[in-house]
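**Q** Here's a structure for you.
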Amino acid sequence: MADQQLGVLKALDVAKTQLYHFTAIVIAGMGFFTDAYDLFCVSLVTKLLGRLYYFNPTSAKPGSLPPHVAAAVNGVALCGTLAGQLFFGWLGDKLGRKKVYGITLIMMILCSVASGLSLGNSAKGVMTTLCFFRFWLGFGIGGDYPLSATIMSEYANKKTRGAFIAAVFAMQGVGILAGGFVALAVSSIFDKKFPSPTYEQDRFLSTPPQADYIWRIIVMFGALPAALTYYWRMKMPETARYTALVAKNIKQATADMSKVLQTDLELEERVEDDVKDPKKNYGLFSKEFLRRHGLHLLGTTSTWFLLDIAFYSQNLFQKDIFSAIGWIPKAATMNAIHEVFKIARAQTLIALCSTVPGYWFTVAFIDIIGRFAIQLMGFFMMTVFMFAIAFPYNHWILPDNRIGFVVMYSLTFFFANFGPNATTFIVPAEIFPARLRSTCHGISAATGKAGAIVGAFGFLYAAQPQDKTKTDAGYPPGIGVKNSLIMLGVINFVGMLFTFLVPEPKGKSLEELSGEAEVDK
């Protein structure tokens with residue numbers, strides 16, 4: 001029963017919202033700011049990379065990345081993230097959250113800078129070094145998912161735990177926004193300093209050599225917020241739940257949380273034996289785990305997988321959709337710097353109007369209406385809006401209807417973030433036992449990233465027109481944007497069905513949810 005919960009953990013559960021909660025949100029949230037900035041900023045500069053390194057003076061179109069290179073540049077960080085989520089999720093349960101937390105941040109800082117310094121005498125050399133460092137950048141980013149979620153859930157009180165974890169995740173939206181603003185600022189400065197003709201006017205001069213610095217500056221900027229929070233990450237004590245329930249050191253947990261809560265907590269020697277009860281030490285691959293949490297893990301992994309197919313395929317390739325409906329002019333009518341500016345402006349507008357508000361709506365309502373309701377509603381609304389865009393797609397691409405298209409498209413993003421994009425991150429940090437919490441969150445997140453890889457790689461090919469003569473250079477014919485959007489709508493609907501496997505953690509302590517507060521079974 002819940003009354004068997006340790007006093008130190010009960011104190012955390014009923015603690016009033018105070019400064020240390022907000023400090024933890026900022027420290028963990030800045031990691032997510034960097035995560036989102038790094039993962040999405042590359043979508044702002046892929047067109048520029050094509051112009052710089054794959055320029056063909058005989059072509060009527062500016063240079064573009066060959067399909068395999070575009071897939072690698074867009075997807076390699078996602079592959080690294082998947083590996084990092086599994087590895088650091090497991091390590092966070094083995095060594096402790098705090099010990100591993102600094103390593104992920106150092107990796108992010110070093111690899112962000114190294115990505116921007118990618119060198120080589122040829123296009124192949126630059127792309128190879130860029131992909132190498134982006135893989136390891138993703139590896140560090142991957143570690144931040146299970147660790148940030150677990151740390152925040154273990155520090156929070158049960159009344160506002162959902163909002164605190166959601167606030168950490170909402171920093172992703174700010175990171176995406178920052179990526180857009182940095183790209184806008186950098187491209188504007190370079191445009192004033194190095195004015196250039198359009199590609200149609202002069203194929204050679206439309207991409208000034210100085211444009212090579214633009215993508216490097218944008219990519220490297222991601223290291224700055226991570227570097228600023230490193231000191232504070234190292235100052236955080238280990239979470240009481242890890243120290244007491246996994247490391248079995250209730251004395252240390254009580255001392256740590258007395259400092260954090262700024263109050264004297266009584267040490268409970270009588271429950272030391274209960275914490276060491278072998279009945280509560282079942283492993284991840286045991287029958288007991290399968291009985292208690294098997295369906296929960298299936299629910300968290302499947303919903304995250306399906307959500308990320310839709311979310312990442314849209315997000316990474318927004319610029320292609322905007323080009324298709326004419327929101328971004330034809331590449332040949334712009335120079336390289338203007339193209340970066342126009343893509344950044346379009347993505348920033350979408351983020352400002354839909355992505356960021358969606359995250360903060362989740363923060364506001366998650367502890368009122370619950371995780372289950374938000375996730376179910378989000379998947380349902382994403383399905384509705386995706387079909388509303390897809391079936392009359394030929395109507396939306398008419399010039400008079402473009403604003404309507406962008407509104408509908410923005411609403412799918414709003415309900416992704418005021419919906420499953422936030423809840424799939426929050427719930428796995430709440431419903432599993434402390435000794436497996438980080439691992440299970442890592443498994444759930446990695447399955448999500450597998451979906452992101454399917455979306456990122458698959459959408460590149462699927463969205464190509466069915467007419468061979470209209471495909472991008474090097475791509476085979478696909479099923480077209482309309483059919484791709486219908487597929488994404490179906491995926492969202494299936495995600496809604498799998499949501500019924502996920503329990504509702506609202507208002508319950510972590511020990512109640514995981515079964516760690518039960519003495520006899």
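Cβ coordinates are placed from backbone N, Cα and C, and glycine is handled just like the others.
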**Q** Would Swiss-Prot put Leu436 and Lys10 on one side of the membrane?
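**A** Checking Swiss-Prot: the two residues are co-localised relative to the membrane.
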**Q** State the residue range annotated as transmembrane segment by Swiss-Prot; the candidates are 293-313, 314-334.
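**A** That would be 293-313, the stretch labelled transmembrane segment in Swiss-Prot.
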**Q** Might you confirm whether the transmembrane segment (212-232) is in contact with the transmembrane segment (25-45), defined here as three or more C-beta pairs under 8 A between residues 6 or more apart in sequence?
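**A** When sequence-distant Cβ pairs are counted, the transmembrane segment (212-232) touches the transmembrane segment (25-45), since at least 3 lie under 8 Å.
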**Q** What residues in the same chain, six or more past the boundaries of the topological domain 'Extracellular' (121-131), come closer than 8 Å to it by Cβ-Cβ distance?
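**A** Distant Cβ neighbours of the topological domain 'Extracellular' (121-131) are 49, 53-54, 69, 72-73, 76, 115.
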**Q** Across the whole of the topological domain 'Cytoplasmic' (153-161), what does the mean pLDDT come to? Round it, please.
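**A** That region's mean pLDDT is 90.
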**Q** Short question: which residues 6 or more past the ends of the transmembrane segment (349-369) have a Cβ under 8 Å from it?
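**A** Non-local partners: 159-163, 166-167, 169-170, 172-174, 176-177, 180, 318, 406, 409-411, 413-419, 421-423, 426, 506-507.
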**Q** Given a Cβ distance threshold of under 8 angstroms, which distant residues of the chain, six or more beyond its ends, lie next to the transmembrane segment (372-392)?
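**A** Sequence-remote neighbours of the transmembrane segment (372-392) are 303, 307, 310, 362, 365-366, 405, 408-409, 411-412, 415-416, 418-424, 427, 482-483, 485-486, 488-489, 492-493, 495-496, 499, 502-504.
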**Q** Counting only CB pairs under 8 A, let me know which of 100-120, 132-152, 212-232, 403-423, 442-462 has the most with the transmembrane segment (71-91).
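**A** Ranked by Cβ pairs under 8 Å, first place goes to 132-152.
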**Q** Counting Cβ pairs under 8 Å to the transmembrane segment (485-505), which of 132-152, 212-232, 293-313, 403-423, 442-462 comes out on top?
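**A** It is 293-313 that shares the most Cβ pairs under 8 Å with the transmembrane segment (485-505).
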**Q** Considering only the recorded stretches 132-152, 403-423, 442-462, state which has the highest number of Cβ pairs under 8 Å to the transmembrane segment (293-313).
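**A** That would be 442-462.
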